[in-house]
Amino acid sequence: MLRIGNGYDVHKLVEGRKLMLGGVEVPHTKGVLGHSDGDVLLHAITDAIIGALGLGDIGLHFPDNDENLKDIDSAILLKKINNIMKEKNYKIVNLDSIIVMQKPKLRPYIDSIRDNIAKILEINSELINVKAKTEEKLGFTGDETGVKSYCVVLLEKKKC
């Protein structure tokens, strides 16, 4: 059986915070404001896997008012959902994601981001694609006040 999930996340950019994308700290003058570390890419991936499993969304599993999750590394959240996916006997067939922000240019970081996601999910990096886009200076990503990410994931039930 195959299952598809879509994920999405958005956060405000502010000074004085780290910019975490795919578990990699990207040098920038602004970082992400969020209850956790605000890693929009890992949140979108987590949300996509949750959706593919039919288990709601990321907010259901990790509410933004839970003080135990304050400033938590988003990789921990993704690992928890990855474990649930494995317990349900699913594996990732393909993961395609997009990070949308005006600056900084992310091309130099894409390979390390992809490799880190593969490490977190314990899969081959060839199953993962990460793209970076701008919105041509339009909207909140264009005026550099926010960042967003999308992800689609294809899961396959393992043969017993």
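Here, residue 1 is simply the first one shown, and the rest follow in order.
Each residue, glycine too, has its Cβ placed from N, Cα and C.
Since we're looking at a predicted model, the values are computed, not measured.
H43 is the only one of H43, H61 that Swiss-Prot places in the divalent metal cation site (with D9, H11). In the structure as shown, the Cβ atom of F62 (4-CDP-2-C-methyl-D-erythritol 2-phosphate binding site) sits within 10 Å of 22 other Cβ atoms. A straight line from the CA of H11 (divalent metal cation binding site) to the CA of H35 (site 'Transition state stabilizer') spans 10 Å. Most Cβ neighbours within 10 Å, among the recorded positions H35, H43: H43 holds that distinction in the structure as shown. Ranked by CA distance from D64 (4-CDP-2-C-methyl-D-erythritol 2-phosphate binding site), the recorded positions D9, H35, H43, T134 have H35 at the top as the closest.
In the three-state DSSP assignment, the secondary structure recorded for D9 (divalent metal cation binding site) is strand.
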